[in-house]
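J.: The structure follows.
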């Protein structure tokens, strides 16, 4: 059986190192001797149930580790389920019992170091490049044994669409990019051209050929296929590493771009500059024949360079971008790749690109900023030196990215340990059930304190285009190292809220100097418009988006200010100002005022706000209303609050809940779930937004209806059912946050119980 390990390093591995003794690290191991026959049967039942329900629910329930942890905690739900008949109102006891059931269940899932494990997956182009990399380096069977490979195959099969393709994410329609990547992955994992479950390979290949063949794969796919030798580098748009030699004031310097874009094109520029091609094995030669519509030698690569399947083309290239690529391809590259500039310039540019790769690797303990970047940087290190320490350090961190659930083994973005935990702690604090949550809060507090980043990136970090990180919290753990404004704000809130409780109950409060460091970071990320960026200050103008080369992402070229980040920071700074009124008071007051103005300016005509990290308008409207309320804005005093409330009330469904489709994100307009279904997490977000806007005092009826839906949807053991995908990045790609279904319904019930039963009177 598979078992989840928490906080484990490897004392015998000299290539694995940590800044805080691996607190928050979560890794999976397969133990062939583990588990009773009943436990193994339960795992198989979970796998069968997932497949049976997948036409309705694409995201897994993340059951394998939950079953393990519940057994280890000897969990037994002793509070009876809450029954509320049609036409019956909610009592204070109903709300309390449902809340206690949710708390007892979720508390049993807390890990030994205080965080809540969970997968953050759902994107279907994360895993294949890892398989490609290890196929090239010869490590595929060394790193992944038969059980790993079996579970990888399971995951790929589980998420194949009926038409034979794979979507950008688990709920997406088939696209060329992910269909090609997953087809090649199946072949590298041992499936024949017509093999796989339910003729998976044959169906996928037919989809690819019916849509024009692999020359229609978007730019990132062209790069990976060129690396593999299934495509030719001359059919890709140039990514010259010489861009690292440009002066930093140059308007299109990579140092000015969004950090994720910079970290992707950093190793890509190295691979492009080297024109690296992996071993042309018999399988690669077969794939050339299987995936192209014409003989490989006859393909017009310059023409193929501009091709992209319509299913993948979210961001069509403007004319200025095509002119840029044509100029680089036809004039600049021929000069840079021939003597004398190849020796004088190209080789220097490759060295500089590699210096940046090593710098980022070391400062993230070889986790890197994310899984897309991880694989590219790891491959670059292997190309530089197959037996070098850099590559071995990358190998040591591969387990940090792998996750196993009932739908198989997948690659995570990198982890959401801190993010999930700070929301969970705030939800538990809102419950006001101290006798039942004290131990959980103490452990969570310890994890948060240990996870704070205590130093800036090493050396002259500004010359490496990095920002300060001291005082920050990351999305995952301290070793990751990358500051995030909303993660920092939510963790800062937790530390301050817990500091107001007895130390003998929740542990010693964090040193004020560490809070000051956090505030310093947050203030540094406020932009000219008053909003907060996510990772770094804005360095580039938004017109740079004209050069977005990705085809299927939007808003990827420049850092920008976000409503959710701004709201989280406002809430944290308001509380900080109350507890530390003498620290940078004027700056904090001004920051809050500017943040409020930014949120108000971003409201859409229908009263909603567009979300960047959750789906979508409901998510951002919850954040916006919470931030405005924290700053003292009320329904009476603020038009934006009234419009936000009106938006939420207008889209409430007949069953009392709310439900929004992931299509809202790319379409940039509110789209309800098909059939006007409700989603419990989105219902919780809407409830909390309304509660913060004072809905309970005006007319609590919408809240009662929503709470009834959540309570009556609770499962026998206190869990909540898994429903639609809820996270998003870059507007087009969705993420599955598996623990959201526990945190937010619990949190909403806690807030509802306080707001609707202020005097403990039943309805």
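All residue numbers here begin at 1 and follow the chain in the order shown.
Placement of Cβ uses the backbone N, Cα and C atoms for every residue, glycine included.
Per Swiss-Prot, the features are:
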type: ACT_SITE; residues: 486; note: active site, proton donor
type: REPEAT; residues: 149-190; note: repeat 'PFTB 1'
type: REPEAT; residues: 592-632; note: repeat 'PFTB 2'
type: REPEAT; residues: 641-682; note: repeat 'PFTB 3'
J.: Across all chains shown, how many C-beta atoms besides its own are within 10 angstroms of the C-beta of the residue listed as 'active site, proton donor'?
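T.: If we count other Cβ atoms within 10 Å of the residue listed as 'active site, proton donor', we arrive at 24.
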J.: With DSSP as the yardstick, break the repeat 'PFTB 1' (149-190) down into helix, strand and coil residue counts.
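T.: Secondary-structure breakdown of the repeat 'PFTB 1' (149-190): 23 helix, 5 strand, 14 coil.
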J.: Please spell out the DSSP helix, strand and coil residue counts for the repeat 'PFTB 2' (592-632).
T.: 24 helix, 1 strand, 16 coil
J.: Mean pLDDT over the repeat 'PFTB 1' (149-190): what is the value?
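T.: In the predicted model, the repeat 'PFTB 1' (149-190) has a mean pLDDT of 99.
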J.: Do you know the DSSP helix, strand and coil residue counts for the repeat 'PFTB 3' (641-682)?
T.: 20 helix, 2 strand, 20 coil
